[in-house]
């Protein structure tokens, strides 16, 4: 018989009745029924109930004093449970093991957190004792699922003819949107490596190298603040790049990969292929976001022109000063009590809006705070444009375009929540396309890249040459696209700019000199000068895919050893101080913030 186990704790069933077995695992739960002591033994594979009967009174006395999570090995006989004691909640619930002997492999101290799920410990405790937290069923299953999802993604890429690469972790710093993590060089004092924010340049260089289809389960490192869906420091993505492809070719690859993955690991309904394509401008108008949650059926409309024809003088004055009016329908809520509308108004004020107007299209006529300012013809125009019917209400927000867009998005989400019309058992995918190539940094009044600076501008270099004003430049679109699911951006991608003259021009408009471009992107520019294929790619975030599949509200629930909100690893004590000797080897010296000032 094996030293530790003949079977796992999750595999025993009625076919094993009468068998002598040896099992090892953690002491999970204990129940004393007076003469009979029941222990739930847990390992990676499941839970089995152990029985210590009164024939083993000495063993009972010993085992009853052992702390939870102590690791034990037991020998015993598998028996069938009586009908009234069968446990349908576990895979081994038809049987139990009558123990004849046991050995303690490792004693456990008093636990700082409970494993059996009776209450959840504070996050600081969970992260400090992550090895204990990972024993809990939900988190344990999430990490197992993570492995399966990565395997599924890898298998699909290989079946599509892709080659898996590993690109360098120590590389050069480049301006890709977030701060770099820097690594000082011992051999080259005063110089630093950077951990890659993404393998962006390397995967494009792989296309320059004559490879046709690249993928990588890629670690990415960004020194940025944490969010619920963003881990500080490190995250993983399915990095993809292909040569001689159009935007639609990329979509044609990614859609089945995501569809098949979500179909395999969830029973939710999934958007049929092809996924909807929504332009950036339409997304910002209809949903107030470039990450639309299509589970919410409400769409926002612009009704500025109609309001300008109304008798609503206050709003007309605002419109003449540059404001816009957005309409947010509230289906079948016209007859809701006044408290509903007051609640929405207070919510809008909480968001920073000066107020929130509304109209109710009831069966008895039109009501609401601003209905009196519109004649029947204008009301009919509003109703048609917003696609409302009798029984619906409409909320209106008036503000500068950026502010109106943000508030309307929040109101849309709140109305959907209040009316309980947001579906929860589906995955709604879409592509957001035609992003602006540039944006205006209002703080410094400077044109900057809105997304990836390596994207191909629609219209090529002619689009730059035709642009005579800032507005013309801001109207240029990129072959840039995002894949969004349930309001979560899973990935950005693009058809790349593979022409040196076009790249220099694009960077020059954003304020970069040729020397700066050569210094920061010299390797790629050189590669472009020796025959570069048209190419494009994308990189779906694996952590966010897992969040959706597990219904997790925080990305830390799908990562084995995450950092906290302050980018600290409480388990390992990182970041940590280093010795003076280590600093000397790197020719570095620490100085206080006061001295920097």
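For all residues, glycine too, the Cβ spot is worked out from N, Cα and C.
According to Swiss-Prot, the site 'Important for tRNA non-discrimination' annotation covers 33. In the three-state DSSP scheme, residue 33 (site 'Important for tRNA non-discrimination') falls into the coil class. For residue 33 (site 'Important for tRNA non-discrimination'), the number of other Cβ atoms no farther than 10 Å from its own Cβ, over all displayed protein chains, is 8.
In the three-state DSSP assignment, the secondary structure recorded for residue 222 (L-aspartate binding site) is strand. The number of other Cβ atoms within 10 Å of the Cβ belonging to residue 222 (L-aspartate binding site), over all protein chains shown, comes to 21. Marked as L-aspartate binding site by Swiss-Prot on the basis of sequence analysis: 176, 222, 451, 496.
Outside the region 'Aspartate' (200-203), and at least 6 residues removed from its termini, the chain residues within Cβ reach (under 8 Å) are 165, 167-168, 171, 174, 176, 214, 216, 239, 241, 452, 454, 521, 523-524, 537. Summarising the annotation, Swiss-Prot assigns region 'Aspartate' to 200-203.
What Swiss-Prot records for 222, 223, 224, 489, 541, 542, 543, 544 is ATP binding site. Of all Cβ atoms in the shown protein chains, 15 besides its own fall within 10 Å of the Cβ of residue 224 (ATP binding site).
Separating the Cα atoms of residue 451 (L-aspartate binding site) and residue 489 (ATP binding site) is a whole-number distance of 14 Å. Annotated pair residue 543 (ATP binding site) and residue 496 (L-aspartate binding site), C-alpha to C-alpha distance, rounded: 25 Å. A separation of roughly 55 Å, to the nearest angstrom, links the Cα atoms of residue 33 (site 'Important for tRNA non-discrimination') and residue 223 (ATP binding site). Residue 489 (ATP binding site) counts 17 other C-beta atoms within 10 Å of its own C-beta, drawing on all protein chains shown. Taking Cβ-Cβ distances under 8 Å and a sequence separation of 6 or more, the neighbours of residue 541 (ATP binding site) in its chain are 235, 236, 237, 490, 491.
In this view, the densest Cβ surroundings among the binding-site residues 451, 496 belong to 496, judged by other Cβ atoms lying within 10 Å.
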